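**Q** Dropping a structure here in structure tokens format, bear with me for questions.
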């Protein structure tokens, strides 16, 4: 079996750059996922993020999860639970406006550390988007502009903990789905596994690695690349031992960004048969909210129905 793609970003600055770009392109085309090492975010900062996140969960969320979810979700069940997830989560918004100061129960160290971490992830996301542009033959900055809208991109972090589950065979930590947005940067637990992606009809583990950042592509990049890159189904399998930490940061288009295949990636002779629609990102998100755990193709088809109403202005400039 092929091994999960791991990209050493230190090699981007030397004679192995072309080969490394090839690995990134192959991962985007054939996996929809890859894992970055030596990505430039200090290991000491990542250790601090992990420490304060796990401390916050134990102090503020663990008991709440036991009372509100764990005590009720598995009571008397015999068949698989398909309408909920075994996870404890909250969301931090960074762009266009941060909400970190408003989220209750966060101490000042946590707010400061997560703000620093988010700023570094934002830069890494934009750097990766430019690498994707290079591999796709698009002008530098194209994807960032495509995401921009009038107020810039949406960027936020879902902080999740997946506690041990006594009936891990009957409930998922997180049910299978593709991500709606752009590019996702995940800092995951390096000891407790659980994340899996679907490749060639088989569920494959995303290996936990210390200080790595896992990258996956969302539905919007599939549309903009006209299907050259694909978003991929993934899930979190509940574990009987250990609490898994997951800090997933989503660099997404702005709400009013108009998303459509890059003209340079649409073959002229098949323009009439475009697979992917043009739509406003916020409209897609409203649809996705109801259909997250279903196939993405009907979502794309549904957006074609409203395509006639989309006012396609020029691509935004930063």
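A Cβ is built for glycine as well, from the same backbone N, Cα and C atoms used for every other residue.
Per Swiss-Prot, Fe cation binding site is recorded for 177, 179, 234. Taken from Swiss-Prot, the feature domain 'Fe2OG dioxygenase' applies to 153-253, supported by sequence analysis.
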**Q** Around the Fe cation site recorded as 177, 179, 234, what other same-chain residues have a C-beta within 8 angstroms of the site's C-beta center?
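**A** Here the nearby residues are 176, 178, 216, 218, 231, 232, 233, 235.
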**Q** Per 10 Å Cβ neighbour count, which of the binding-site residues 177, 234 ranks highest?
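**A** Result for the most crowded candidate: 234.
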**Q** Write out how many residues of the domain 'Fe2OG dioxygenase' (153-253) are helix, how many strand and how many coil, based on DSSP.
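**A** With helix first, then strand, then coil, the domain 'Fe2OG dioxygenase' (153-253) has 6 helix, 48 strand, 47 coil.
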**Q** On the 0 to 100 scale, where does the mean pLDDT of the domain 'Fe2OG dioxygenase' (153-253) fall?
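**A** Summing pLDDT over the domain 'Fe2OG dioxygenase' (153-253) and dividing by its length gives 97.
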**Q** Just counting, how many other CB atoms are there within 10 A of the CB of residue 179 (Fe cation binding site)?
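**A** Excluding its own Cβ, residue 179 (Fe cation binding site) sees 24 Cβ atoms within 10 Å.
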